[in-house]
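These notes are about the structure you will find just below.
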């Protein structure tokens, strides 16, 4: 390394101040105003069934630093530093020793699917033409909303901008937030059943040859976006409330989504990961939902795929856990979302004292749900060759590295990825030998795209 990375000094103890939303004003309206005012901002929220996870929503605006990563390069506020590994270089930028057990700011952004080469140096993956491999904003202040109590909290780490927030709150008292507008048009449709079938058959040949046990193959649809992508997110959050909902806008890059899948969470030393694989559609009523769920739980292909993922998650968590602490807390639950039902399990473990949130996330990246097994073989020699187009942020990680050493990341699926006026949606399905009907796999991809497609359809121009 020819240049020394800057060290960002952050106080150990953050400040928290209670604010008040005027009666009748929602936290969402506050974000509308912030998004219109600040070029770089984020909203992280949840509509999950876990009370702890869904209780808090977080807003950040105008980060103190903007960090981009590509192989061999870490870019900080436009200045490029040659580094051995841009991902692990994040660890060097500050100390992550905040004394708060609550959220106190940190790095918010995404790792693209191609970031796998940061953890597996032998991989040579094609870069996405429109999205950097990694981009994060460092947010040292922001807003936390407690949905249970209605309390609005402003936190900061020495750079207090509470006066700016109060100005926005006063503005909301006087006038309603302006609803964002956007129109979209389809530029490139997804693949036909025939082309997808050829891809599935090609993947099956790799499975038969023993090159992989399971492989995730899919495709994308490309759209032109005119207007504000926040309008699309507003629609998506209404039609597909999910455990992980996010709107992250950094420079020209915007990721918006409603993902059912947690990638990795570290909270006060406990790691959690959630295998989510096995998919069926929603029924027209509760009775059909139950019948479809029962069929899902007795489907040999879906059971085989999910069992493989449980093993992958146990192995991933076990790489950085204290010996003997890894266990499957829940197994084969069925989670229901707006358009699909999934089989879900939970794997937990206690982080080793030699590890941290960066090595913890790295051990789980990317999730086998989006790659297959073994990961290197599936990623480098099969998926990229068969799919042809690089995945970009899809299937990577979106979330936050906290200044207190905790982190939460979701898998960016059921998402829309925008750069300038170009956006895409993508989905994939698992290929397991002996259990594949190409037409079913094609329909699974269509089902997975359904919520984002519906949101986009509601914004199509004349």
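Including glycine, each Cβ sits where the backbone N, Cα and C put it.
According to Swiss-Prot, the residue from 46, 57, 451 that belongs to the L-tryptophan site alongside 243, 244, 245 is 46. In this structure, residue 444 (Mg(2+) binding site) is part of a helix by DSSP. Here residue 244 (L-tryptophan binding site) is compared against the binding-site residues 278, 305, 394, 430, and the shortest C-alpha distance is to 394. All protein chains included, residue 305 (Mg(2+) binding site) registers 27 other Cβ atoms within 10 Å of its own Cβ. For residue 279 (chorismate binding site), the nearest neighbour among the listed binding-site residues (46, 243, 245, 305, 444), judged by C-alpha distance, is 444. According to DSSP, residue 305 (Mg(2+) binding site) is assigned to a helical segment. Here the candidates are the binding-site residues 278, 305, 414, 429. The one whose C-alpha lies nearest to that of residue 243 (L-tryptophan binding site) is 414. By a simple count of nearby Cβ atoms, those within 10 Å, the most crowded of the binding-site residues 46, 279, 428 is 428.
Spanning the residues 46, 243, 244, 245 that the record associates with binding L-tryptophan, the maximal Cα-Cα distance equals 7 Å.
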